[in-house]
Amino acid sequence: MGSNRCPRLGLVPLILGLLSGGVSMTPLPEARPQSPCSLEGIEIKGGTFHLLKEGLVLEYVCPSGFYPYPVQIRTCRSSGSWSTLQTQDRKIVKRAECKAIRCPRPQDFENGEYWPRAAYYNLSDEISFHCYDGYTLRGSANRTCQVTGRWDGQTAICDDGAGYCPNPGIPIGTRKVGTQYRLEDSVTYYCSRGLTLRGSQRRTCQEGGSWSGTEPSCQDSFMYDTPAEVAEAFLSSLTETIEGVDAEDGHIPGDQQKRKIVLDPSGSMNIYLVLDGSDSIGARNFTGAKNCLKDFIEKVASYGVKPKYGLVTYATDPKVLIRVSNPKSADADWVTEQLDKISYDDHKLKAGTNTKKALLEVYNMMSWGVNNFPDNWNRTRHVIVLLTDGLHNMGGDPVTVIHDIRDLLNIGRNRKNPREDYLDIYVFGVGPLVNQENINALASKKDKEQHVFKLKDVDNLEDVFFQMLDESRSLGLCGMVWEHKDGTDYHKQPWHAKISITRPSKGHESCMGAVVSEYFVLTAAHCFTVDDEKHSIKVSLGGKKQEWEIDQVLFHPNYDLNAKTAKDIPEFYDYDVALIRLSKKLKYDQTIRPICLPCTEGSNQALRLPLTTTCQQQMQELLPAKDVKALFVSELTKDHRKILTRKEVYIKNGERKAACERDALQAQGYEKVKVVSEVVTPRFLCTGGVIPYADPNTCKGDSGGPLIIHKKSRFIQVGVISWGVVDICKRQQQAPSYARDFHINLYKVLPWLKEKLKDEDLGFL
């Protein structure tokens with residue numbers, strides 16, 4: 001590998017993140033044995049072994065698909081003998097052997113059945129889940145046992161939607177206590193003996209209908225995350241943190257290719273790099289760790305943001321090389337230069353390991369920000385990255401400093417505003433010596449995010465950084481807005497497009513649309529006629545005076561407004577969707593940016609969904625079988641000027657769906673229609689009405705605009721405004737209860753979107 005890459009660091013395990021001491025699965029000896037432990041009779045049947053820590057630790061290694069039984073690690077005791085081979089039940093075993101990896105069975109499954117039922121499952125075995133009547137399946141209906149000992153896919157959950165929060169489910173291998181999902185109700189998870197719980201043991205139903213913490217799983221000591229899984233999950237969470245600064249802290253993003261954020265004096269995000277330089281690391285691994293941190297800085301810089309960096313190296317005592325108060329701390333190139341200058345010999349004379357003292361320096365830097373910028377400190381996000389072997393031998397438990405940091409940043413105190421988004425602690429355990437319980441205790445726990453990882457070896461760690469740096473897909477800025485108080489309407493709705501069609505002797509018509517890529521605007525097909533010429537169609541974006549000319553309008557091939565005139569249905573809006581191709585490529589800026597389309601990598605990332613998430617699973621996340629909060633943007637006139645206003649509606653996707661659709665028969669021109677399915681096909685989403693809330697209705701000029709779901713500070717288009725039962729803008733009185741609006745469901749026209757947008761680098765799933 002080149003010198004600018006994170007090299008192979010040998011077999012000493014490294015931790016990227018925060019790791020408390022005592023990382024071996026079996027405690028490491030406090031003193032060297034009087035004589036070396038003998039290697040006679042320690043072989044493992046079906047595998048091999050190698051020595052770590054200068055012969056003080058032995059690791060058993062098995063072929064792919066097998067794991068060492070009864071233990072993976074043995075330590076050389078002070079008596080000169082190896083630690084005993086015994087199971088989790090303390091049963092003594094005479095000889096180690098490699099056993100076939102199996103996946104755990106479901107401990108329980110609520111409101112449904114799974115098949116086949118077995119005591120255990122071998123690699124490639126499949127299991128299927130089905131729900132009882134009245135319950136809807138979320139997650140994966142079919143799952144396969146993988147070579148890692150984990151099931152692929154996502155937790156299968158049968159839910160009737162009756163709770164304030166959705167059923168959190170029972171991940172395979174866990175047991176759940178608690179079946180009430182009301183506000184502030186809690187559920188608790190447990191693992192079988194010998195397995196370690198990763199994630200949140202206790203989760204609480206919060207305001208807004210989400211669960212605190214992160215979904216738990218039960219891990220065996222032989223289980224590892226793959227580099228692809230780690231890179232994807234880490235990038236997804238890191239991107240959310242970085243782009244959240246963009247969206248929420250009021251800094252205007254630049255164009256798509258040169259995204260930069262000019263921070264105010266307090267900074268919008270601080271990243272603290274803490275590097276272990278104790279004698280247990282070694283010079284070669286210290287140098288390799290530096291290069292990994294350089295890769296990390298490069299990845300952050302690729303997002304175009306400029307966080308402030310703090311840099312600390314430590315052994316017995318810490319050395320603060322860069323403070324976030326330094327004016328140059330936001331210069332990534334300068335930070336990299338300072339990182340290059342540090343040497344392993346800096347701590348040669350005092351080479352103990354005092355992780356707690358190093359983290360106290362991080363605490364002190366945070367305190368500086370709180371004390372010096374009282375008006376801005378609560379808008380600064382903090383990310384801590386520590387590289388160490390995790391073996392602290394002085395100073396006490398570093399976890400206590402994490403509690404102090406949370407208190408300082410006012411995190412977790414206020415139930416209505418817990419501020420968890422303002423601190424991210426990523427824990428990367430590498431190698432066989434990792435104590436999974438310890439690293440889990442330190443990692444951040446956030447819904448649908450993963451902050452704790454365990455990698456097999458440093459080669460895998462290198463692969464993680466390689467995939468982070470070399471992934472070719474766009475991480476995307478779709479669905480991002482600038483919500484600052486000084487932002488214009490188009491900062492807050494940067495995808496918004498106004499479409500004007502001029503027809504000689506027939507006047508002027510207006511529609512709306514949404515920017516979905518650098519060349520395309522998505523809108524409704526009925527805005528156009530076959531006689532419209534492209535020079536008569538103009539698109540306005542970003543609130544600018546400039547008008548964009550178009551190259552062509554692409555209609556869905558199944559759209560035919562007159563398809564049912566023979567059945568006395570004068571207008572039929574099925575497949576009412578069109579794409580406008582602009583004649584020139586857009587240059588994104590703070591007022592012109594794309595909205596997220598469903599079933600793309602960008603929308604998956606926006607929702608913080610796992611690598612394996614399918615289009616169907618994403619749809620279940622965005623459009624569950626219940627009323628779904630959404631919004632559309634309407635143009636109003638106020639004080640003689642046009643303003644854009646968001647209007648909140650509910651998509652009737654559950655028990656109210658049928659009643660919503662039936663009201664379509666109240667529309668003018670549909671008096672003779674007897675069967676609602678003649679005009680409302682499965683491709684429509686329905687909003688409006690007065691139950692459970694009085695929804696605002698669209699006006700005629702809103703046609704073609706996006707129906708949007710706002711989630712995780714991102715905006716994802718799920719529909720195109722098509723038609724309404726009543727044009728309420730022409731009425732002076734209150735809208736009737738049957739005033740409904742219908743929108744083309746984008747999930748139902750995805751094949752067409754994928755075909756027409758295949759060259760737009762959107763990464764359709």
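Cβ from N, Cα, C; glycine included.
As recorded in Swiss-Prot:
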type	residues	note
SIGNAL	1-25	signal peptide
DOMAIN	35-100	domain 'Sushi 1'
DISULFID	C37-C76	disulfide bond
DISULFID	C62-C98	disulfide bond
DOMAIN	101-160	domain 'Sushi 2'
DISULFID	C103-C145	disulfide bond
CARBOHYD	N122	N-linked glycosylation site
DISULFID	C131-C158	disulfide bond
CARBOHYD	N142	N-linked glycosylation site
DOMAIN	163-220	domain 'Sushi 3'
DISULFID	C165-C205	disulfide bond
DISULFID	C191-C218	disulfide bond
DOMAIN	270-469	domain 'VWFA'
BINDING	S278, S280, T353	Mg(2+) binding site
CARBOHYD	N285	N-linked glycosylation site
CARBOHYD	N378	N-linked glycosylation site
DOMAIN	477-758	domain 'Peptidase S1'
DISULFID	C478-C596	disulfide bond
DISULFID	C511-C527	disulfide bond
ACT_SITE	H526	active site, charge relay system
ACT_SITE	D576	active site, charge relay system
DISULFID	C599-C615	disulfide bond
DISULFID	C660-C686	disulfide bond
DISULFID	C699-C729	disulfide bond
ACT_SITE	S703	active site, charge relay system
(message) Please give me the recorded positions out of C218, C599, C660, S703 that lie within 10 Å of C511 (disulfide bond), comparing Cα atoms only.
(response) S703
(message) At a 10 Å cut-off from the C-beta of C62 (disulfide bond), count the other C-beta atoms across all protein chains.
(response) 22
(request) Could you check the disulfide-bonded residues C511, C596, C699 and say which one's CB has the fewest neighbouring CB atoms inside 10 Å? (result) C699
(request) State the count of C-beta atoms found within 10 angstroms of the C-beta of C165 (disulfide bond), not counting that atom itself. (result) 23
(request) Determine the mean pLDDT over the domain 'Sushi 2' (101-160), rounding to the nearest whole number. (result) 96
(message) If you measure from the CA of D576 (active site, charge relay system) out to 10 Å, which recorded positions from the list C98, C205, H526, C527 are inside that radius?
(response) H526, C527
(request) Could you say whether, by DSSP, T353 (Mg(2+) binding site) belongs to a helix, a strand or a coil region? (result) coil
(message) Just to verify a number: CA distance, C165 (disulfide bond) to C158 (disulfide bond), in angstrom, no decimals.
(response) 13
(request) Between H526 (active site, charge relay system) and C205 (disulfide bond), find the distance joining the two CA atoms and give it rounded to the nearest Å. (result) 44
(request) For S703 (active site, charge relay system) and C478 (disulfide bond), determine the Cα separation and express it in whole Å. (result) 22
